[in-house]
Amino acid sequence: MAALMDTRILIRKIQDLRALTPRRNRVKTKWAGSLPKYPPTNLALQHFDATYKLQLGREWPSVRASMLCEQKYGALVNNFATTEGFMAHLQSQGCQDFVSCTVREGAQERLQTAASTHGNTSSLESVVDDQDIVPSGLSPNIKCLVFPRGDISRFKPSRPDKYGLLGYYLMDAASILPALALDVQEGHTVLDLCAAPGGKALALLQTQAIRFLCVNDISASRTLRLRRVLDRYVPKGLLAGDKLRITSFDGRKWGEIERDTFDRVLVDVPCTTDRHSVMEEENNIFNRARTKERQRLPQLQLELLLAGIQAACPGGVVLYSTCSLSQLQNWYVVDRAIHLAREELGISLQVADLRPLTQLFKDTFNFAPDLNLGQLVLPHLTANFGPIYMCKLQRLN
């Protein structure tokens, strides 16, 4: 009888997998009452299924699958650091600078077309410098390395050079496009109204053409994160000089702080950050406690864009961008801002054509067709960047 009892106990222990699991690997599950009944990621996906399916049509299943997969990154090259060693290493792994490579290929095609048209091949024999082949509006100093289309390899974290500066900044490569589209020229003053965490501000500094850059974010914690990023990538002399200013003001009030001041203004507004919303529970805008905050986003975005328009000088350029697919947060905000700027502020705006930019980088990114205003990068499994929306406005008076 005792032997039978020992056998039953042994069988029960074998059936209980926890008895076979090392104590250090045992994890106590949360109580049911502490788990959210409706996780924010599920709420976000349900919301997107209801709205983006109508907005994108047959494109939505592909975009949905891409946003639920691992995001693809690019390595923004830091011109302030010593870059020769890691650049050669990354290029040996198949990475390419999508900016200069794409522009160079486009220039070669134009030269070949011109040669076939005019019967002149002498121009094809000369070496074309980067400064000559870069179209107007694209800084030749902004470099971003990406793995080829369909290659999902990861970048390793950057290491500091002998001066302690990191060689590259990992970010969504599509986030470089607003900095390229802003058309920063030598001697310009630039305002980045919602700058944290700092990737686009860092891209703007890589142009090495800015006379003065003001980076701002209303959140003190995000401004601290922005400062930490700049400390790791920008020389201390530049941070302490009079060419860069870091502030933490309410961006909506910038028209009252500095009106008609900046040649270029980047308004990268807070949004639903669609990819983060379907992947991460932490700091998710679709958390039920943040419902009102999410509903107020279009109004906040409108106020920020109007403040950026007022901060730009006559003839200046304002670039509005989000990382959302939402029409309500994208071209509806731009359309309303153009109307209010004209009717209430007496400011006329012209929408700049970004199609040459999208045509140039169509092999790297997947762009949405036929938008009413601006351009939109759609996530795709072979080029899993974005979403990034951008619209360029020029102030006429």
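Positions of Cβ are set from backbone N, Cα and C atoms, glycine also.
Just so you know, TrEMBL annotations never went through curation; they're auto-generated.
If you look up TrEMBL, you'll see CYS323 marked as active site, nucleophile. Long-range Cβ neighbours of CYS323 (active site, nucleophile) (same chain, at least 6 residues apart, Cβ-Cβ under 8 Å): ASP172, SER175, CYS271, THR273, ASP274, ARG275, GLY386, PRO387, ILE388, TYR389.
Feature annotation from TrEMBL assigns S-adenosyl-L-methionine binding site to CYS194, ALA195, ALA196, PRO197, GLY198, GLY199, LYS200, ASP217, ASP250, ASP268. Cβ neighbour count for ASP250 (S-adenosyl-L-methionine binding site) (all protein chains, 10 Å cutoff from its Cβ): 13.
Residues annotated as domain 'SAM-dependent MTase RsmB/NOP-type' in TrEMBL: 86-396.
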Task: Measure from the Cβ of CYS194 (S-adenosyl-L-methionine binding site) and count the other Cβ atoms within 10 Å, all protein chains considered.
output: 22
- prompt: Hey, what's the Cβ neighbour count for GLY198 (S-adenosyl-L-methionine binding site) at 10 Å?
  reply: 26
Query: Over the domain 'SAM-dependent MTase RsmB/NOP-type' (86-396), what is the model's mean pLDDT?
result: 90
